[in-house]
Amino acid sequence: MKSALLFTLVVAAVHAQSPQVISPAPRRESNEIDCPEYCLDVYDPVGDGEGNTYSNECYMKRAKCHNETTPPAWKDLVLITGSSTGEQPPSKKCSTVCPDVELPVCGSNRVRYGNPCELRIAACEHPELNIVEDSGKACVGSKVTPQEG
């Protein structure tokens, strides 16, 4: 009885892996746009040039694909990214929205920001301050004018 059950399971497993049972993935045209149904919750914020910020590029693509008022035209899409090294995004429009994630960082201006995204917004809005992430300085809860010296 056990060998019959084992044989049935093996046959079912082999049949399930058979190329005749598994249909090939449909081929996409070269001009067809990638419209993901699901995205990983990975925090790597991007902006779309219209002031919208998304958790990552996948969520941005998904939003653009499902927004019927905005046809997805990836050729005209400008990604806005920043970094904690003071690099400015390629657009003059600064993002204003950050995910509600508590991951405190200290800026070179001695201001404590709730997360790296908030630091990037401050750096974008005040490029003259050249704000970057700085773990070597003491951070405070409110803005402190740096000591001149």
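Please read every residue number as a count from 1 along the shown chain.
Note that Cβ sites are derived from N, Cα and C of the backbone, with glycine treated the same way.
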Cysteine from C35, C98, C106 that Swiss-Prot links to C65 by a disulfide bond: C35
Record Swiss-Prot, residue C106, disulfide partner from C94, C124, C139: C139
According to Swiss-Prot, the disulfide-paired cysteine of C117 among C94, C98: C98
Per-region confidence, the domain 'Kazal-like 2' (88-141) (mean pLDDT, whole number): 81
C-alpha spacing of C58 (disulfide bond) relative to C35 (disulfide bond), in angstrom: 8
Least surrounded among the disulfide-bonded residues, given as C94, C124, C139, when other CB atoms within 10 Å are counted: C139
Structural state of C106 (disulfide bond), classified by DSSP into three states: strand
